[in-house]
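Peer 1: Got a structure for you, questions after.
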Amino acid sequence: MSSGYKPGKKRIIQPIQPIKKELIDFHGCQIPKECEPYLERTNVSLIIKKGFINGMKNDAEMFCNEDLFELLMNELLNEQPGASFSSCVRQTANVATLPGVIKSLAMPDAHSGYGFSIGGVAAMRLDDPNAVICPGGVGFDINCGVRLLRTNLDDKDIEPHLAELADALQKNIPSGVGTTSTQTLTEKEMNEIMNEGLEWLVKKGLAWKEDLVYCEENGRIINSDPHLVSQKARGRGRNQLGTLGSGNHYLEIQRVDEIMDKEAAKQMGISHIGQICIMIHCGSRGLGHQVCQDFVDMCVSQSNKNEVDIQLTGVPFQSDNGQKYFKAMNAAANYAFANRGMISYHVRCTFEQVFQKSPKDLDMHLVYDVCHNIAKEESHLVDGKEIKCIVHRKGATRAFAPLNPVIPDAYKPIGQPAIIGGSMGTCSYMLVGTQEGMKKSFGSTCHGAGRKISRVNAMKNISSDSVVEEMKKKGIELRITDPKLAAEEADDAYKDVKEVVETCQSAGISRIVFKLKPLIVVKG
């Protein structure tokens, strides 16, 4: 199983196509000579200096170790004029030109995306009336996020039931492109869900009241307005509540494989190696995608198009259109909270069916639920002064420091949990936020492994059959709606998640608490 790319030390990579630019060696990699004066390598990051892109308001920073740095330089070297997306380095610099920006950052898992890189973080100061909110800085899957449930089961308890459990989960939780649930929501229910989020499920007896405590924003963002969500978006979400979707979304049954911080793990109810957990990764489905598309279209048609990159076109946050997008985005985010909550309901019911014990008896408590595609109003210290900001996190996880008032009381001594999913067949991690992260990254860390090669290139270079076979060899029960697409999510298509989380720890923006390995993977 090969992507055609093998990481190596100090490797000089040749361009895919001839580029008529003079090249220069930069820390063992070749880059266009014109870029070199504006790049600085530290032991944990790449600094992109003002001037790399005309109009940059300040330096930008990308957290990376040596191997991840190589990938960034390779992408910069090979970027082509007229391509759909610029290189991740250029996108991070582009964001530093936006009105009101305090700093543009990229996490170690960053890769090119629409407007912002996926893994991009940027805070805009709200004392600047021109500070923008940018749909391309949130992404199309609004409030894509991850939640982790724990159990009191061990791997030895679950091993005899792996195939049965995998089949039942695939049956009970629809996944794949355009999949629908058995329930079609009424207009009234849609409005309630987009307003109340996870609270709606609690009222219906489909989620536990304590789930609200262990969910970012308590599972409901107050400043939302469902009436700003178009009928087209509503139509796409009406029958998708409780569905996984496709792409990198998944449901995994995992075992705790290693505990690095026993005290922090204990606070989360994780006590020993072999303990079984459930990880759910999904977002707002077609509804969120359409909300983003509607407001991208609005921004481009009604605003001055961004001269650096049209994909970065946004609107002033405090303008009427800025507030409309923000409130519609929050409505979609509430739908995503409810979606993950509904999937959790089906997971709890499935475990009860297979193990003949109630979810309460199985200790199926929510450890935490995090967002990683969202923009939020927050306050951060900037040059010693507390500044109100709108913080964009696109493929990045909020990871606030210990004692922060917005995190649950149980986690105040350790910091906000940040759940980091690895590529299919590899490990995942639980991190917590740090005080240093509040200073360096607006309380943000990575969100996953991050793509190394595109889906198209993965399908060209990796055999889906070999991916499925490799999962079998690892003893992982894989349930995938379309096995022909398995190559898109192959391990070789992604960066090494271990390198990503260790880079975050080395940079001081988060700490590793424990590692999980998959036993069952359910994908679209």
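If you go along the chain as it appears here, the first residue is 1 and each next one adds 1.
Cβ from N, Cα, C; glycine included.
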Peer 1: Given that Swiss-Prot annotates D141, C144 as Mn(2+) 1-binding, name the residue from H27, H227, H249, H272 that shares the site.
Peer 2: H249
Peer 1: Which one of H365, H372, H380 goes with C144, H281 at the Mn(2+) 2 site, as Swiss-Prot has it?
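Peer 2: Only hit among H365, H372, H380 in Swiss-Prot's Mn(2+) 2 site, alongside C144, H281: H372.
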Peer 1: Sequence order is fine: just name those binding-site residues in D141, C144, H281, H372 with a Cα within 10 angstroms of L251 (GMP binding site).
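Peer 2: Those close enough are H281.
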Peer 1: At a 10 A cut-off on CB-CB distances, which of the binding-site residues D141, N248, H249, H372, S423 has the highest count?
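Peer 2: It comes out as H372.
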Peer 1: What binding-site residues among D141, C144, H249, H281 are found with a C-alpha within 10 angstroms of that of N373 (GMP binding site)?
Peer 2: D141, C144
Peer 1: Given C144 (Mn(2+) 1 binding site) and S423 (GMP binding site), what distance in Å do their CA atoms have, once rounded to a whole number?
Peer 2: 16
Peer 1: List the residues of the same chain that sit at least 6 positions away from H281 (Mn(2+) 2 binding site) in sequence and have their Cβ under 8 Å from its Cβ, in sequence order, or write 'none'.
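Peer 2: The list for H281 (Mn(2+) 2 binding site) reads C144, G145, V146, N248, H249, Y250, L251, G421, given in order along the sequence.
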Peer 1: Return the residue, from the listed binding-site residues L251, N373, G450, with the maximum count of other C-beta atoms within 10 angstroms of its C-beta.
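Peer 2: Compared across L251, N373, G450, the most Cβ atoms within 10 Å surround N373.
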Peer 1: Three states by DSSP: which one describes G450 (GMP binding site)?
Peer 2: coil
Peer 1: What does DSSP assign S423 (GMP binding site), in three states?
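Peer 2: Assignment for S423 (GMP binding site) reads coil.
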